[in-house]
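Asker: Here it is, the structure in full.
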Amino acid sequence: MHLLLDPLHYTFMQNAFIGTVAIGILCAVVGSFVVLLRLAFIGEGLAHGSLAGLAIGYLLNWDLYLTANFYTIGLAVLIGFVHEKAKVTLDTAIGIIFSASMAFGIALISSMKFYTTDLTGYLFGSVLAITSFDLKIILGAAFIILSIIILFFKEFVFYAFDPEMAEVAGLSRTILHYTMLIMTAITVVVASQTVGIILVTALLIIPAASAQQWTKSLKKLLLLAVFFGLTSAVIGLYISYYFNIASGASIALTATVFFFISFIFSSERQPLRRSFGLKD
């Protein structure tokens, strides 16, 4: 037990633990809708595209995460706009915008004579470096996004399962679509401090994918996704602390282990269970 409690005597570990719990829950809930809407690529696109926002913040000596947040929200809106007006698929719009944004970010970073560990932490995750200010941003973002989802839960569920019928029923498909894109953008940026922009999609997608192996009920899926996301994040945090490895890698690997455990042992996978000699 002391292995779990002793690290929490340090302020930086308390910030990391609270931030990790909030991000684990937030990513699991938002990620569940991302998976249902088949928007897995949007998380990857926004995460990598946010590199330019990071570079802009660094060059102008602005707060990196706030700058990246506003920049990534702009990317999300631009992706939605291109998807609608240019008459291309959403994946195509994501590919165009994220490629251009990432190229812009790489161009800015390559022009720098040097860069600090702030950039490295953003790329690979640095949960132990979460400050009190960062924690306020994480908790504030989590509270706002989760509150929106709770208040408009039925509308988001309707939209996730049948966008066309949702529009026929009087719901604004455009508003719901852009709201989901913006919430995903904010989630990606606040989660990047924990897992880094390279691996943020893991915490956004894998917990929901793991939950899908166990149930077809949306409510159960959300609860299981939160369990997998929260557990993966906390276990990954302690692995990062004790073994001094990047938090993004430890959290992503932990989430992946949970996915394959779910894939093998889920009652939804009867033939696979029998191949491992397990009873139905």
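A Cβ is built for glycine as well, from the same backbone N, Cα and C atoms used for every other residue.
According to TrEMBL:
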type	residues	note
TRANSMEM	16-41	transmembrane segment
TRANSMEM	62-82	transmembrane segment
TRANSMEM	94-116	transmembrane segment
TRANSMEM	137-161	transmembrane segment
TRANSMEM	181-209	transmembrane segment
TRANSMEM	221-239	transmembrane segment
TRANSMEM	245-265	transmembrane segment
Asker: Taking contact to mean three or more C-beta pairs under 8 angstroms, with sequence separation of 6 or more, is the transmembrane segment (137-161) in contact with the transmembrane segment (221-239)?
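Answerer: Counting Cβ pairs under 8 Å, fewer than 3, so no.
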Asker: Counting only residues 6 or more past its boundaries, what in the same chain has a CB within less than 8 Å of a CB in the transmembrane segment (94-116)?
Answerer: 41-42, 44-46, 48-56, 58-59, 75, 78-79, 82, 88
Asker: Of the stretches 62-82, 181-209, 245-265, which racks up the most C-beta pairs under 8 Å with the transmembrane segment (221-239)?
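Answerer: Answer is 245-265, with the largest number of Cβ pairs below 8 Å.
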